[in-house]
């Protein structure tokens, strides 16, 4: 570590409504040897922010001047240059000025109202860290700060009145708007561009201590140490999160994310338990299912000869070769899955509605109820490009804007066009994977079976590995790799588009980027699942007249039991692979980067490292902060809800992932990253309507999966209609004979020469057989309308449509009724907010009256002094 040799006080002017304010930027010549110190050498002025740059000057005189006016052209990459740490201190007057500009709410009087308690808090109370370790925050009546009414506020100690999070937030606000260059009418300002250009190496507020060692400073709260031990450490995996301390240390934006993630994980516990019960029910009944028993029975499935599934090189095969896959199918394709899908539709509604209530409580506790209406400030990037004038429709005053109405339309149109292009690119990649499926299925069909039967070491796998399964697994892996590659490229494109659109506030910027990224991720992650669920095996024709892709690739078929097993395989591979990859990436990348950075910047002779250099050796959290964490969880939420009818274990996998995700994210931001600049946030932003949209779409997708992908509706139609007279000889409803009724008959003499299997691959047992079977509901060869759809087919289609319409309407009605019955804000909380708002107004009014009376007191006049003046 190296400091600048001078001890100059550098001044930076920044305009406010009150006029010019002075902020002191200081570089200390000497380090006092205390690695835990957060103050200058005088022990009074707190370091609120740190800027780091490389010392490029030749003499001490060149270091003087405004730090913000250093040119980009002065940057050099010489490793011999010394690092200069510029410590920023915010005087109390500056803090008061910018607290008013940012409408920061500060305490005016202790809150003596009884806090609201709930059954949820009573249950979770035992899992919170002890109050002896993390003290409960004092509750105050608060109001937006006004500098001229300072006496109305609860100022016990001027240095402690503004918290470190508030101080660093205000320092960041000033630095991001401070001018550093003026060329004609163009004014450049904001240190973010200097960071991007490499003029500054880093900018960050300080951690209050090391994460694993308490600070020796007497007044240090050691909040980072407490967060690590009571939240980020693996030993605390069972504990509830200390959200108040997280919010106090990292800001409301990070606090609301971890609150949402924790609430989502708690709600997943219920869904995972029910899903696990559904899986156990399917697993225990798979052997007794009539479907699997008939398929595996040598006298039924062993006597049914199935038609080839590709042209020329695919052989005839017996149905009982799919015995194991039929048993696996019964685990997920059962009546328990229907109940679970309906349960999940209700669960997601309860999750969103109760989250709104919990979020309202957090807004009240963290004083963010009116944040968006009062505190949202324009982004510095927006302000820098304001060159046009317009009349504000609200204030009717002239204001500066960065573009005209036509220019805004052009920017938005360009963004929409780019997003659509990338969506089409994803669809093209999905088509490529489909072509791979078609081509590889032919290869596996011709070679896989012979390899399994001819090689003794592979014989144990012949019951489990089928051409369909091999094609599905390899295609899923390739699809996952394509997804991750496209993600890394599109992220940069989405950021560029959003920067080009130039949103006014940071909330608008994040909402715009969120919509773009989620639309892309939605198509990227879910397109292959939608294809398997709703398109694969739906338009295949029949053996004598199959349907072809691109004129030569025969459309792939599902297993005799349907495509549900393949959809389950796809979901499990993508969910598991994504979770493992993300967690490894989140743990290893920052740790390895910090290790390498410390090795490269280590100075052997130096034993004591100051706090600001310890933090510099950590990783920056990035401009988008928690955006990728939200995106990861919302994509997971889509997997849990959209396709849960095919994979009841999805909530359980998500639960395990989230239990790790909470601690990994906590460990990461507490130990591996520099302290983030605290940001205000009222809610989870644009993610809330996205979650609601996914929840509504999930009802339709799960109903369609049960109706069109699973085999449940055909089985019900057979049980209630076709197992009895007039379609059958029996009088009792039964599932016996369902296999025979679900497979149509094809005369092998009707094969075209280009389709007929060659004699070389014809099985030895295929003697004197004139027909084969295939999955469909068509008339037999002897029927006048041979190979046309039978009455069974139209009964099944009608039943599927009726099921989907009825289930959708019932579930949607239930969802909307629950949404109506559960208010977003609890009534008791509404009353408490009104009460606190009223008492706040009363306190401010009484304080102002008291202050006014003190000003109006008559001045005591000395009578002797008056007589002297008169006599003179």
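Just so you know, glycine gets a Cβ as well, placed from its N, Cα and C.
Those TrEMBL annotations? Automatic predictions, nothing curated.
Ranges compared are 491-512, 513-534, 535-556, and TrEMBL records transmembrane segment for 513-534. Matching 768-790, 791-813, 814-836 against TrEMBL, the residues noted as transmembrane segment span 791-813. Cross-referencing 257-283, 284-310, 365-391, 392-418 with TrEMBL places the feature transmembrane segment at 257-283. Range annotated as transmembrane segment by TrEMBL, chosen from 419-444, 575-600, 601-626, 731-756: 419-444. Checking TrEMBL for transmembrane segment across the ranges 669-689, 690-710 points to 690-710.
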